[in-house]
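Shown next, in structure tokens, is the structure this report addresses.
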Amino acid sequence: MARLMIEVDGLRVRFGKVDAVRSVSLSVEKGSSFGLVGESGSGKSTVLRVLAGLNPNWSGHLHIAGEEQKPQRAKDFFRRVQMVFQDPYGSLHPHQTIDRTLSEPLVVHGFDGIDTRVRKALEEVSLPAAARFRYPHQLSGGQRQRVAIARALISEPEVLLLDEPTSALDVSVQAEVLNLLSDLRSARSLTYVMVGHNLAVVTHLCSRIAVMQSGEIVETVSAEDLRVGNLTHPHTTDLHTFGVELEELMQTGNSPTGRPGQIASRKN
Amino acid sequence: MSTYPVTADSPAPLRSWLLTDSPDSRRQAAWGGAYRRWLQFRRNRLAMTGFVTVVLLILAALAAPLLATHAPGAQDLARRLEPPSTAHWLGTDELGRDLYSRLLYGGRVTLGMVVSVVLLVAPIGLAVGTVAGYAGGLADRILMRITDVFLAFPRLVLALAFVAALRPGVTSAVIAIALTAWPPFALLARAETLAIRKTDYIAAARLTGASPARIVLRHIAPLCLSSLIVRVALDMSGIIMTAAGLGFLGMGAQSPMPEWGTMIATTRGYILDQWWVPTIPGIAILVASLAFNLLGDGLRDVLDPKQE
């Protein structure tokens, strides 16, 4: 039990009359990284927001770090569990300098040596010291996402929740941010839960991946199985072939099998 | 940095210390930010005009005893309603009192009333609006229904009722105007808050474990401030007029005390024959309102860091 960082049992989330998430159960070991993949609207981000404590309307059982979590979280929970949002253009306060943004969690949790911690955090995500007193709009998308990662890590959490952290970024910057995330994980032995719709990105970072479809987990596979295509559920296979074909499409401009015909025809 | 013109009066080391790209400390960054904002504000001619006018008006009001040529209450019935002359720079009113001196002393009362109303109203409106918007649910409903009650009455009627219940005078007028002026600010702040509360950066602020009070105060209120300032600046002329209306009905500043609105109200019968008597305080009100509006517009631009 102590080896499990996150345990979700029978999680159910309703938005009005719609079941966004129905009976999701998953467990994440300490120090490992877990991916949640699915189409838009499959409920993957909703699960993540429940884990983060941003969505109080859920039922089921949730244990994080061995403690049962209620919809209302204790203050210390927010020190130990942090989140990186999808859109770095929307997740940083537009009227606060990077320095303010980074010191905010430290002030709230009563850390000392705020000045050196902020300096170190910027260094860790390889941002120049000159960025410290800038405003978010003066930074590029990749730099902003680094700030968001630095903010999430500055309170020294054990769990990092990643909501498609690279999907709003340029392809060339995506790899940088992903490498940064995987370096940080091994350096700090963090537990990751990552949500994404791009299988290539999720397999790059996660060792175990759950595939979601209309509010349910349909299959949980290892990154290895996914890479070689050792899959059982048809939806997973669909996502997989779609991802492969999309990649080839981007390289050649042609769909090799022509199976996701919509995409091929849209190109023509 | 080349966008800022180098002027001879600011020494280079201080300038470069203020405008450096990589400040060493928070203090330097804060001073640098303030200096940049000032430079930006200075480039806006209209805002500067408003700022200088407001400063001059306030200084003139504060220095009224030094600048005035006559006592504001000294009557000279033999020389009533005189046009401007060397003895009375702006003429005299219906009781032979010097208009220039009364205008200076009146500035103290009028500007003092406006400033105190704004100081009372803006924080109340901001607090009610942001709390209602962020808390939602029952708190939102209760606060908004209270706001609706205050909005339902015509401003002057409600102010009149309050002053009548209290004691006529400047203090009562300020309280009455403040009570009637805050609802629009609350609505504005609530609308802004509703748009802001759903954003990712507020979700991120909640994830730091900050209390709702801290989120409202440190993350939401600063974002509502810029539109609130514009609204306050636009409302200032309205506040002056309400004060004048109360004065005219005998519920505001009391008779011997010079107040711009009251000065117009008591001399409005002379508008055709001795037009300058009510016109001069009217011009003062116009200038003050315009200056506050221009200043508010300029401040809004400066308060948004994206405008740099």
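Using the three backbone atoms N, Cα and C, a Cβ is placed for every residue, glycine included.
The model shown is predicted, which means the values in this text are computed figures rather than measured ones.
Among the features that TrEMBL reports, transmembrane segment is placed at B:46-68, B:109-135, B:142-164, B:170-189, B:228-255, B:275-296. Marked as domain 'ABC transmembrane type-1' by TrEMBL: B:107-296.
Within its own chain, the transmembrane segment (B:170-189) has Cβ neighbours under 8 Å at 109, 112-113, 116-117, 120-122, 124-126, 128-130, 132-133, 143, 147-148, 150-151, 153, 155-156, 158-160, 162-163, 221, 224, 227-228, 231-232, 235, 238-239, 242-243, 246-247, 251-254, 257, 259, counting only residues six or more beyond its boundaries. Within the same chain, the transmembrane segment (B:275-296) packs against the transmembrane segment (B:46-68): three or more Cβ pairs sit under 8 Å, each pair at least 6 residues apart. If one looks beyond the transmembrane segment (B:109-135) by at least 6 residues along the same chain, the residues whose Cβ comes under 8 Å of a Cβ in the stretch are 57-58, 61, 143-144, 146-147, 170, 173-175, 177-178, 181-194, 197, 212, 215-216, 220-221, 224-225, 228, 232, 235-236, 239-240, 243, 253, 257-261, 284-285, 288, 292.
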